[in-house]
Amino acid sequence: MSGKAYTYLQKAKAEKFAIGAFNAANLETIKAVTQAGINLKSPLFIEASPGEVAYIGVNQIVALVRSFEEDLNLPIILNLDHGTDPQMVKQAIDAGFDYVHYDAGKVEFSEAVTNARQLADYAHKAGIPIESEIDHIEGSSADHTEQASESFQDAKLYTNPEKAQKFISETGIDVFAGFFGNLHGLYKTPKHISFEVLAKLRELNPDTYFSLHGGSGIIEADVIRAISDYGIVKVNVNSEMRIAFKMTLQEVLNNTNEIAIYKVMAKPIDEVRKVVEGKIKLFGSAGKL
């Protein structure tokens, strides 16, 4: 299939880099992400969770991202991140999202297959890719820096590669998101990828695009290896951005009497930009426009 999202997924797989998928919580984070993309000449995913969509508005976020894309001449793939409600996934498609993620991690396998197959048909008719998962990716997009990542890991919950192959073949999804050590969130100790699981997933699904969730705090060598050796083409990042924004905003507010909102946002935006630029360099997408 053709289209912006497919074009960059194909390019990433062929050239062995990944595109960062950065959550848009507000105007400030969108400004930070797009500035990083411009500075490093990188394609981008800007994504929004159901909570972020509810906060900004489904039509509003489409209009906002499109305005940045057009004004900056920067390719941005707008993604619904972790859509658990099939109706919301369809709503995002109808609103003009470029890519959707159906999270089936908390429903029975048969229901997951039925829903994902129907949503894949719906997305493909609109000319866009769909990502899905069948295993709940543990952790949360939060600050867990007082806790060790090992305390959240349970290898028994990792993706079963054979089950994933069945799901992919029966649904026609384009991108699969597995769980193999990539917890959501940022922890006191770095997260490590189970390459045994990832290698088997790739062996059984040679033509499927893979997405890596939990991109905050995974040991960098593991991220590089996952991209170069196992064809990860998309890496999600949220927690590190949230923490950078919160900590910097707190520091600014604690040291100023300024009340003009736009004046206190400059430094948080810049700190988030630095996080995003670091990830773009790590994922290898700089200069890939």
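Our numbering is plain: 1 for the first residue shown, then up by one each step along the chain.
Using the three backbone atoms N, Cα and C, a Cβ is placed for every residue, glycine included.
Sequence annotations record features per position, and here TrEMBL assigns active site, proton donor to ASP81. For HIS82, HIS184, HIS213, the entry in TrEMBL reads Zn(2+) 1 binding site. What TrEMBL records for ASP103, GLU133 is Zn(2+) 2 binding site.
On the structure: features taken from TrEMBL.
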residue: ASP81; record: active site, proton donor; Cβ within 10 Å: 26
residue: HIS82; record: Zn(2+) 1 binding site; Cβ within 10 Å: 22
residue: ASP103; record: Zn(2+) 2 binding site; Cβ within 10 Å: 24
residue: GLU133; record: Zn(2+) 2 binding site; Cβ within 10 Å: 25
residue: HIS213; record: Zn(2+) 1 binding site; Cβ within 10 Å: 26
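Annotation note: HIS82 (Zn(2+) 1 binding site) sits in a strand segment as assigned by DSSP.
The CA atom of ASP103 (Zn(2+) 2 binding site) is located 5 Å away from the CA atom of HIS82 (Zn(2+) 1 binding site). Put simply, ASP81 (active site, proton donor) is 10 Å from HIS213 (Zn(2+) 1 binding site) when counted between their Cα atoms.
Here the C-alpha separation of the residue listed as 'active site, proton donor' and GLU133 (Zn(2+) 2 binding site) works out to 11 Å. Taking the C-alpha positions, the distance from HIS82 (Zn(2+) 1 binding site) to GLU133 (Zn(2+) 2 binding site) comes to 9 Å.
The secondary structure of GLU133 (Zn(2+) 2 binding site), as reduced to three states from DSSP, is extended strand.
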